[in-house]
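Listed in Swiss-Prot:
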type	residues	note
REGION	1-147	region 'Editing domain'
REGION	206-505	region 'Catalytic'
BINDING	Cys298, His350, His474	Zn(2+) binding site
Amino acid sequence: MRILLIHSDYLEYEVKDKALKKPEEISENQKKGRLDEVLAVFMSVEKVDEQNPEEIVKKAVKEIEEVVSQVKTNNIFVYPFAHLSSELGSPDVALRILKEIENELKNKGYNVRRAPFGYYKAFKLSCKGHPLAELSRTIVPGEAKKEEEVPEALKKEEELVSYWYILTPEGELVEVDKFDFSGYENLKKFANYEINKSRLVTEEPPHVKIMLEQELVDYEEGSDPGNLRYYPKGRLIKSLLENYVTDKVIEYGAMEVETPIMYDFEHPALEKYLNRFPARQYVVKSGDKRFFLRFAACFGQFLIKKDATISYRHLPLRMYELTRYSFRREKRGELSGLRRLRAFTMPDMHTVAKNLQQAMEEFKKQYKLSMEVLKGVGLTPEDYEVAIRFTEDFWNENKDFIVDLAGIIGKPVLIEMWKQRFFYFILKFEFNFVDNLDKAAALSTVQIDVENSQRFGITYYDEEGQEKYPLLLHCSPSGAIERVMYAILEKQAKIMKKGKKPMYPLWLSPIQVRIIPVSEKYLDYALYIAGKLEGAKIRADVDDRNERLNKKIREAEKEWIPYIIVVGENEKRMGVITVRKREDNKQYEIQVEDLIKEIRQKTEGFPYKPRPLPPLVSMRPKFRG
């Protein structure tokens with residue numbers, strides 16, 4: 001549907017002749033009409049609208065109401081106008097849609113007139129000429145449905161009654177409003193955020209400014225909101241994080257697989273799972289079939305497991321995929337930089353467990369694995385808060401196990417308890433980062449799933465050769481890669497607030513060493529040092545620009561480069577280098593080999609990728625501004 005909305009002093013029309021063989025039947029009174037102080041709504045119903053007329057009506061009414069509220073009038077003139085489109089719908093459907101729009105608006109209390117359909121008409125109007133006086137809209141069928149179509153699980157999640165507690169490492173379970181949060185201010189912020197359940201973003205978080213200034217990540221106007229572009233430095237960081245988490249999970253014992261990004265709505269197992277998983281989906285049409293873009297790797301991995309022959313000897317069986325991408329059509333007002341996206345990269349491991357005992361053993365191991373993974377990216381337990389969620393029955397039967405989880409993290413944790421189980425899991429934890437706006441985002445998470453082995457037909461053969469349904473664990477040891485980047489940047493924003501220098505973890509620094517010759521005379525020596533560093537798998541570059549030395553140092557500081565080397569006559573003659581360390585803001589004279597040894601020791605065990613930009617600073621494009 002195409003709509004042209006004109007705020008007018010008046011609109012009047014007069015029927016002249018038939019435009020269709022069978023136009024709408026009208027009375028004598030309908031051959032002329034006029035409204036003053038009116039929003040004139042010229043409308044073309046298109047062929048594509050026939051796929052979903054109800055949603056077209058709903059969406060059109062919503063758009064008209066929004067404009068009416070802005071121009072502050074109660075008078076609306078619905079005017080059929082075929083000239084807005086070359087792909088017109090059938091007259092019968094078009095008239096039905098226009099009548100329904102008219103009736104919907106009348107039912108909402110507006111003063112509505114509709115010009116007759118299927119006639120040539122003369123009309124006059126007087127556009128008011130203010131900034132909102134002339135607007136146009138294009139409405140696509142199904143668009144409103146995608147926004148409003150909410151899985152049953154999401155509705156239930158909003159209705160679910162939760163009981164909130166704080167659990168101490170000593171095993172004391174305290175109602176959240178009776179807990180003394182002294183010394184646990186971050187936990188208090190997290191508890192408030194979880195209990196209030198408001199995800200609306202009204203202020204830009206600090207990490208957004210950092211990601212833009214550092215030329216890491218940017219918004220992409222050519223895509224749907226919540227889909228981002230990555231510049232070379234940002235892509236390097238993201239790629240290293242992807243490799244790091246993948247290496248950790250494979251080292252833990254998972255088998256890596258790859259699965260499709262879209263799945264059939266009508267697949268019986270998938271259809272049932274959709275109604276148990278609280279997420280909004282992107283919808284794709286292929287011919288007459290509807291598909292949804294995956295929001296996790298569960299679907300593909302479960303379908304692989306369904307077709308596999310699994311013995312009790314294989315258990316626990318771990319399968320892993322790094323999804324690039326997973327998709328969730330989050331509400332527009334909840335999208336926020338790297339924290340909440342519609343397309344994201346999710347490390348996703350699923351484990352087949354023999355029984356609850358084995359599942360709980362794996363759960364605890366994966367809890368510890370998640371702590372280890374976050375430690376590697378510079379996040380310690382002081383940087384995140386723990387939420388553990390379960391039913392009252394699970395708590396009564398497994399108190400010691402839950403208390404042990406609080407003991408492992410070594411601080412009080414937030415408990416969400418339900419009287420009965422609604423979700424497919426019986427136990428879940430998340431490590432949550434609380435940012436500078438007191439918003440929380442889940443990073444690592446593990447769940448014990450008691451439903452999906454039966455739903456998908458996943459079985460294993462026990463010691464007697466009997467086919468049994470296992471339990472399943474869902475684990476992301478880091479959470480979405482984008483959220484890890486968000487947490488790293490938000491942590492550095494907190495450090496900056498305290499007047500300290502921000503830093504990337506050394507292994508993630510896009511440029512680890514910047515070499516600055518004091519003049520062009522020493523450029524070759526600077527390149528020689530850079531070559532030695534690069535040969536040792538250290539990312540180094542040379543600032544060869546014709547700028548003042550202090551300016552070059554300042555700009556290297558702005559890029560958070562951990563080591564800055566200045567070379568001149570003394571360094572060349574003595575064979576040493578003068579290094580400024582960002583970590584302690586001190587200057588040292590050392591041998592190149594000693595610097596290589598230091599950096600290699602600090603980055604040992606982490607993945608490496610070459611420098612993402614040209615070796616000479618003068619050869620780099622500017623990606624922003």
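Using the three backbone atoms N, Cα and C, a Cβ is placed for every residue, glycine included.
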For Cys298 (Zn(2+) binding site), which DSSP three-state class applies?
helix
His350, His474 as binding-site residues, winner by CB count within 10 A:
His350
Under the DSSP assignment, what numbers of helix, strand and coil residues are found in the region 'Editing domain' (1-147)?
53 helix, 56 strand, 38 coil
Going by DSSP, is His350 (Zn(2+) binding site) part of a helix, a strand, or coil?
strand
Using the Cβ centroid of Cys298, His350, His474 as the reference point for the Zn(2+) site, which residues of the same chain not in that list have Cβ within 8 Å?
Ala296, Ala297, Gln301, Phe302, Asp348, Met349, Gln447, Asp449, Asn452, Leu472, Leu473, Cys475
Around the Cβ of Cys298 (Zn(2+) binding site), the count of other Cβ atoms that are within 10 Å:
23
Where does His474 (Zn(2+) binding site) sit in the DSSP three-state scheme?
strand
